[in-house]
Amino acid sequence: MSAAIRPLIAGNWKMNGLRASLSELKLMLEGAGKLSATADLLICPPATLVAAFAQKLAADTGSRSNSFAIGAQDCHPRASGAHTGDISAEMLADAGASAVIVGHSERRADHGESDALVREKAEAAWRAGLVAIICVGETQGQRDAGQTLDVVGTQLAGSLPDGATAANTVVAYEPVWAIGTGRTPTVADVEQVHGFIRKSLTQRMSGEGSKVRILYGGSVKPSNAQELMAVADVNGALVGGASLKAGDFLAIAAGCP
């Protein structure tokens, strides 16, 4: 991890959580103060909870609003219109979100999202004043075929819009085969891919590319967080299941050097 880049620990709750889950957010906020000097924290609940979570964050006098934020898991590329069931970035911002995940592997697989669509969604996030967390990563078959860097490079080139900065963009590497499986790449594998992403960003964005946060996502848990966070060019984590419990999420954040 680069000492010059403040780490971000982002929790993706996926399709989990009801209003009763505010109790977990309360515990996270209570523990966040101890970690405010260590990392920025972000929780991305389902869209149905974004407003409630943002209101809780705003009302909590013990929270550190500059280091704890609420995000969302997806957005439509258009600001409004006849798109039944979809949610725009503007709506998410209005609900209190400050960031949105785009291009998650589950969206790419379940909904057939292309790099071009992910790019549009990232641009929509910026339009609404949100940080775009752009996800890239290979499947097991692609990894076995030795295509990891080719796949990640192609996704990054196609999904990252022109105009990206360290302020409006985060990149998350999530090897698809590691998500929710309990399996993680070796430290050497993570370092290779994150180094490749960093090089790609600096080639495209010049000096700005050296400042963009690159998160690792894929079965991150308290037991492996410290080792992963110590890897060069790993600037935080995109956490799935382990972010549903305050204790686990805070323990992962505590693993940041």
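Note: Cβ is positioned from N, Cα and C throughout, glycine not excepted.
Swiss-Prot annotations:
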BINDING   ASN12, TRP13, LYS14, GLY180, SER219, GLY240, GLY241  substrate binding site
ACT_SITE  HIS104  active site, electrophile
ACT_SITE  GLU174  active site, proton acceptor
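Neighbours of the substrate site: apart from ASN12, TRP13, LYS14, GLY180, SER219, GLY240, GLY241, residues of the same chain with C-beta atoms within 8 angstroms of the site's C-beta centroid are ILE179, VAL239, ALA242, SER243, LEU244. Residues ASN12, TRP13, LYS14, GLY180, SER219, GLY240, GLY241, recorded as binding substrate, reach a greatest CA to CA spacing of 14 Å. TRP13 (substrate binding site) is surrounded by 20 other CB atoms, counting those within 10 A of its CB over all protein chains shown. Within 10 Å of the Cβ of the residue listed as 'active site, electrophile' there are 28 other Cβ atoms, across all protein chains.
The binding-site residues listed here are ASN12, SER219; among them, ASN12 has the most other Cβ atoms within 10 Å of its own Cβ.
Here the binding-site residues are GLY180, GLY240, GLY241, and the one whose Cβ sees the fewest other Cβ atoms within 10 Å is GLY180.
Sequence-distant contacts of the residue listed as 'active site, proton acceptor', defined as residues of its own chain at least six apart whose C-beta falls under 8 angstroms from its C-beta, comprise HIS104, SER105, CYS135, VAL136, GLY137, TYR216, GLY217, GLY218, LEU238. Within 10 Å of the C-beta atom of LYS14 (substrate binding site) sit 19 other C-beta atoms, taking all shown protein chains into account.
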